[in-house]
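According to Swiss-Prot:
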type: ACT_SITE; residues: Y840; note: active site, O-(5'-phospho-DNA)-tyrosine intermediate
type: BINDING; residues: N126, N155, 183-185, 196-203, 411-413; note: ATP binding site
type: BINDING; residues: E496, D576; note: Mg(2+) 1 binding site
type: DOMAIN; residues: 490-607; note: domain 'Toprim'
type: SITE; residues: K524; note: site 'Interaction with DNA'
type: SITE; residues: N527; note: site 'Interaction with DNA'
type: SITE; residues: R696; note: site 'Interaction with DNA'
type: SITE; residues: K697; note: site 'Interaction with DNA'
type: SITE; residues: K758; note: site 'Interaction with DNA'
type: SITE; residues: Y792; note: site 'Interaction with DNA'
type: SITE; residues: S798; note: site 'Interaction with DNA'
type: SITE; residues: R839; note: site 'Transition state stabilizer'
type: SITE; residues: I891; note: site 'Important for DNA bending'
Amino acid sequence: MSDSDSEFSIEDSPKKKTAPKKEKASPKKKKDDANESMVMTEEDRNVFTSIDKKGGGSKQMAIEDIYQKKSQLEHILLRPDTYIGSVEHTEKTPMWVYNMEESKLEQRDISYVPGLYKIYDEILVNAADNKQRDPKMNTIKITINKEKNEISVYNNGKGIPVTQHKVEKVYVPELIFGTLLTSSNYNDDEKKVTGGRNGYGAKLCNIFSTKFTLETSSRDYKSAFKQTWIKNMTRDEEPKIVKSTDEDFTKITFSPDLAKFKMKELDDDICHLMARRAYDVAGSSKGVAVFLNGKRIPIKGFEDYVQMYTSQFNNEGEPLKIAYEQVGDRWQVALALSEKGFQQVSFVNSIATTKGGRHVDYVADQMVAKFIDSIKRKLTKTSMNIKPFQIKNHMWVFVNCLIENPTFDSQTKETMTLQQKQFGSTCVLSEKFSKAASSVGITDAVMSWVRFKQMDDLNKKCSKTKTSKLKGIPKLEDANDAGTKNSQQCTLILTEGDSAKTLAVSGLSVVGRDKYGVFPLRGKLLNVREGNMKQIADNAEVNAMIKILGLQYKKKYETEDDFKTLRYGKLMVMADQDQDGSHIKGLVINFIHHFWPSLIQRNFVEEFITPIVKATKGKEEVSFYSLPEYSEWRMNTDNWKSYKIKYYKGLGTSTSKEAKEYFLDMVRHRIRFKYNGADDDNAVDMAFSKKKIEERKDWLSKWMREKKDRKQQGLAEEYLYNKDTRFVTFKDFVNRELVLFSNLDNERSIPCLVDGFKPGQRKVLFACFKRADKREVKVAQLAGAVAEISAYHHGEQSLMGTIVNLAQDYVGSNNINLLLPIGQFGTRLQGGKDSASARYIFTQLSPVTRTLFPAHDDNVLRFLYEENQRIEPEWYCPIIPMVLVNGAQGIGTGWSTNIPNYNPRELVKNIKRLIAGEPQKALAPWYKNFRGKIIQIDPSRFACYGEVAVLDDNTIEITELPIKQWTQDYKEKVLEGLMESSDKKSPVIVDYKEYHTDTTVKFVVKLSPGKLRELERGQDLHQVFKLQAVINTTCMVLFDAAGCLRTYTSPEAITQEFYDSRQEKYVQRKEYLLGVLQAQSKRLTNQARFILAKINNEIVLENKKKAAIVDVLIKMKFDADPVKKWKEEQKLKELRESGEIELDEDDLAAVAVEEDEAISSAAKAVETKLSDYDYLVGMALIKLSEEEKNKLIKESEEKMAEVRVIEKKTWQDLWHEDLDNFVSELDKQEAREKADQDASIKNAAKKLAADAKTGRGPKKNVCTEVLPSKDGQRIEPMLDAATKAKYEKMSQPKKERVKKEPKEPKEPKKVKKEGQDIKKFMSPAAPKTAKKEKSDGFNSDMSEESDVEFDEGIDFDSDDDGVEREDVVSKPKPRTGKGAAKAEVIDLSDDDEVPAKKPAPAKKAAPKKKKSEFSDLSGGDSDEEAEKKPSTSKKPSPKKAAPKTAEPKSKAVTDFFGASKKNGKKAAGSDDEDDESFVVAPREKSGRARKAPPTYDVDSGSDSDQPKKKRGRVVDSDSD
């Protein structure tokens, strides 16, 4: 319908309406006092005239002029601030506006009239309210005509009723828009979510307008209405009523009375503010298209509206992130980071609550609660106590809500005051929102603010004045001029320890103490870039350096004046010339760069270098400042052996005389760090920032590749300090010196793939092999020997820890301990922390060790050299990948590694498969003597479960813990925590008893009454009692054979690469053995020929000169000593490959001999030649006897036979021999350990039995106290579909997670309620697992006491590493017999090595009242067999042959089963082969069942790979 008056024609009103057709309601007919008072003269309307001026001059005012009564309309115009706010322009205030000219939202300082803005807003809110009255409403049109001073607001949807009010005798549109104190919101019993409340609203807009036009059309009343008011609602025109079309709408057009607002026109500020309000409505009104000046506002919803704000800002260059959530139909909330204190944008029923209110507090408080716990956890190491308002200061909250009957602090409705309980709805933020909120940057912003606050506190501790004398800093040797006017010329020397300080002080004697100060650092400086402020504030070295240098945190030192406040003008680092010394230099540079980068740019930092090697010959002295420089000199100097070589591993090696020499040649030893631009800044940041992990990886990877290439090309290593080096850039220092420490840090932390060792472990093994001790040796003594033999330059305490770790054999440590633990080396009680002092415990090589590292391999390894001393090899080469046998953990620079343990016997089989050219079988983590269960979640994760069983309605028994969960920690952190109660919850457990030993676990736990039933209904007991963990294989990082770090995706990949390296060594070993045997054979042949020639007088040596003897032997074609020559060739080959030259005793003697004492070259040559034939001429005369002659000839023939045997053998044969020898020795060693463990358990049980009170009756079983109870109902751990799907989803790429959900495995069969067939109570997943075992290729001898299952999965990629203590949620599991836990093993191979066994004879059923006698070390029948055999069948089922690959069955114990409730007879068909031996548990009503006791393995056979099981060992109940 058109807006023009011409379209309205005067027609008769509808019959049902009583108002006259065209008659205007005169003022006389209006009975309302307020309306009568609305008829005023021009003088009456001039309400802004000052009352004080009415009287004029000084004439005293009349009482009537002082005390006046005003009408409602007069009061509104006279005191507008009560109703619409101020009518004065505000001061320039930052506000969000929409710039219509540039079409963008912006925040700028504006000045506007709040009253004018309010009357516009009242009309806009009315339009938005109509959406609540009529959900079909979908359009709002806003027009702001600046030139005409005209604003219109149109909305469709249900119009105003066009009918006469029967009480007030006026039309309803006129009543609600032209009569004060009228409203539809006076019924407080009606719950409304609209903006109107007090009955002013649009009337205020009418009153403050020179013209106000209302147009509405009502489809229900089939009429359209139009009326105009002028002169501040004091005059109104006749309403025009016409028949309407089918359209419903309402339109308000008004011209604000600018004079009342002291304005001449609608300025840009108010227009832009009104435009932004239009955008508010568009964002807060769902399903409504809003048009502004004819153009649709492009906002689809509240989230789009929020992004319109946040897109104006960024966080460290990235767009601001938002967390958004719609809660129900009435709440929409969003959160973003605020850098300007707490900000909020909120709407209540479309009203813009610019000052917030209780709705904003309600939402913001929830958001703060989400953050405060995580932030407090991060601040645990600091002294800061964060408050909620401090978090709130970094939040930008957006709220759009619908509130029932809201109340406000004033008519301006800027603050909502309604209490939260009256909102009519709740807004509970979800975990999904919390997760999104954690990524918007608020936590980081709060932490940054905390650091700033702490920095401010730190700065308060800094000295504000420059002083020449300092007190309270121990060991400081202050420069005399420090802190004076000459302080810029002073240099502070930071030394690495007290010994280096002594060296520096000695050197100062030649340069003076006026300009140089010395301060020793204790160890390595803190990495301040990643340390928290509390660490920095508490760090003595940092505080001392700041005080000595006169630094202040708040100063940047960018100006000369600031720089002059320092006590020293230079900082010089004097550290050892090794990698750790480089790290100290880097940390000092990092300290200055982090807080005062401008000092780095001023070249404030220097270093003092000292020689690492000196070569001396007479008065000539050559100094070398890096090992590569020394190696290069040695290669280019023919007579280098004539020099005396001395290595300087630390500054303490230098003498005071040498210190003076260093300081005299300050030009050579003083190296300045030169700033060379942003590249230097980036290099320092990359080396020390936690955020640059990936960059550090790339940096180190590139360096390792370059090192490998140079090595392959035979090039020397690069070094930083040449003879003419006077300065280095920070980038060069990081890339060419600091990188050496970072690589060394990785070598110390991450093992090598080939031998699985870190350098310390390799040194220990090298020393043990070299010592070849036949007797046990004290650990402390062995550590000292290792340091001496292998040139170990660090503390021996670390070596002692390494030795102890190599000898530990408790569950979760080593699968094969290479050293024997003779004494207390730690147990699973405290994870090895309970080991005795190294002074009291002994060790020696394990018999298994040399079978893993054959002595023959020592001849083909590449040994390292240090200080001309042959030390450990680059890596050993065991016969199987030891890194998989014992696992590995470590955190280096840029990388970390975590590799679980695997079964050595399975590794032997995989190696044999590779030798035979067959593919490997999949491996699962395996830990020696672990009685729990390991189930595969996906290709890179395994769930590790402990063991729990139910003893009665309120008692459970825990007999195994997950890997790496130590007994003492479990008791303190889990069980004691479950004993705590709260007001709302009773404790889970009331008591527990401990029966474990140092090798076994047993907790008997008493639960609160009824708690067990409650837990079983809701959760898995493994979850409740923290008996589950996750083992990840996603972080398997190792050094390869070439010394480069690589990431491996599976143990099979590691085995394959190991196989390639090991194969090459077997080829080399064969070549070496052939060479040495051939040399020995040749030597014996020469000796035999020489003896025969001497006997036959063909050789006469008596009374001849040495030279003549040599000539005779050469003439008769006797070879120079073949063995000696061959060994010398091998030694030279090794030295050439290593790039080192080892000085033997002759070389060392030659160096000490002066030139004038040297023997002639001719005589020396004769001596050398004669020594080559000493093996002939040096033989004893007894060798000429017939017996010795024949013995020599026989030895020669035997040696030739050995050569022929070796020639026939392939490298495969050599490897097979080593593997078989290893397995044989391992079996013997484990048998000895098992015997010792059984004896230990038996002794412990006897002690417990003796201590217990015993009554009359049969003797108590001594093993029941420490071993699993025979009557326990084992809870079978299972991985349910939901958990598996969770990990599959975690491992998918982000895009794939949305599009494609992982395929869930089939749900296990559910346990039926009582009355079902008892066989259904067994573990539902067992039959499926058994079927998969064969296809997956598992072998039952993988473990006798662990349980490993593989489930199908997809290939994933994950960054998780380590054994995580995680809730692997699974459904409640059925219970099975306790004994089944100890031998459930999955066969990882297809080898049919276990022969089928005949079924065992049937067993008799026991009376039900008698408890089943479980063997604590026995297993039961397989679950697969149970499904095939009903236990309640009336007819006895025929015996079936055992499956081909089934485990051997054994005789049963008497009274194996419990009889039925009706009688004590044996159930029909229940024998060992046909009955699963399930009986209904006493607590049958709960729906649980108990698996009957397992059988003893009395006389079972064994295959070649599995040692014969002893009586009482477990029968594998689930393997094929």
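For all residues, glycine too, the Cβ spot is worked out from N, Cα and C.
Other Cβ atoms within 10 Å of the Cβ of G201 (ATP binding site) number 24 in total over all chains. In the three-state DSSP reading, E496 (Mg(2+) 1 binding site) counts as strand. Taking the Cα atom of each, E496 (Mg(2+) 1 binding site) and Y792 (site 'Interaction with DNA') are about 19 angstrom apart. Each of the recorded positions K203, K524, K758, R839 was scored by the number of other CB atoms within 10 A of its CB, and the lowest score belongs to R839. Counting every protein chain shown, the Cβ of Y792 (site 'Interaction with DNA') has 23 other Cβ atoms within 10 Å.
Secondary structure at S798 (site 'Interaction with DNA'), taken from DSSP and collapsed to helix, strand or coil, is helix. The DSSP secondary structure for D576 (Mg(2+) 1 binding site) is coil. Of the recorded residues, K524 (site 'Interaction with DNA') and Y840 (active site, O-(5'-phospho-DNA)-tyrosine intermediate) place their C-alpha atoms 32 Å from one another. Nearest Cα neighbour of S183 (ATP binding site) among the listed recorded positions (D576, R696, S798, Y840): R696.
For the recorded site, T412 (ATP binding site), the DSSP three-state label reads coil. Within the same chain, residues at least six positions away from K697 (site 'Interaction with DNA') with a Cβ under 8 Å of its Cβ are G894, W895. In the three-state DSSP scheme, S183 (ATP binding site) falls into the coil class.
For N527 (site 'Interaction with DNA'), applying a Cβ distance below 8 Å and a minimum sequence separation of six or more within one chain yields L587, N590, F688.
Rounded to a whole number, the C-alpha distance linking T412 (ATP binding site) with Y840 (active site, O-(5'-phospho-DNA)-tyrosine intermediate) is 84 angstrom.
Taking N126, K758, R839, I891 as the recorded positions under consideration, the smallest Cα distance to Y792 (site 'Interaction with DNA') is found for K758. Taking N126, G201, K203, D576 as the binding-site residues under consideration, the smallest Cα distance to R839 (site 'Transition state stabilizer') is found for D576. With DSSP states grouped into helix (H, G, I), strand (E, B) and coil, the domain 'Toprim' (490-607) comes out at 56 helix, 20 strand, 42 coil. Looking only at the recorded positions N126, G201, K203, D576, Y840, the one with its C-alpha closest to I891 (site 'Important for DNA bending') is D576. For the domain 'Toprim' (490-607), the model's pLDDT averages out at 91. On a Cα basis, R696 (site 'Interaction with DNA') lies 43 Å away from Y840 (active site, O-(5'-phospho-DNA)-tyrosine intermediate).
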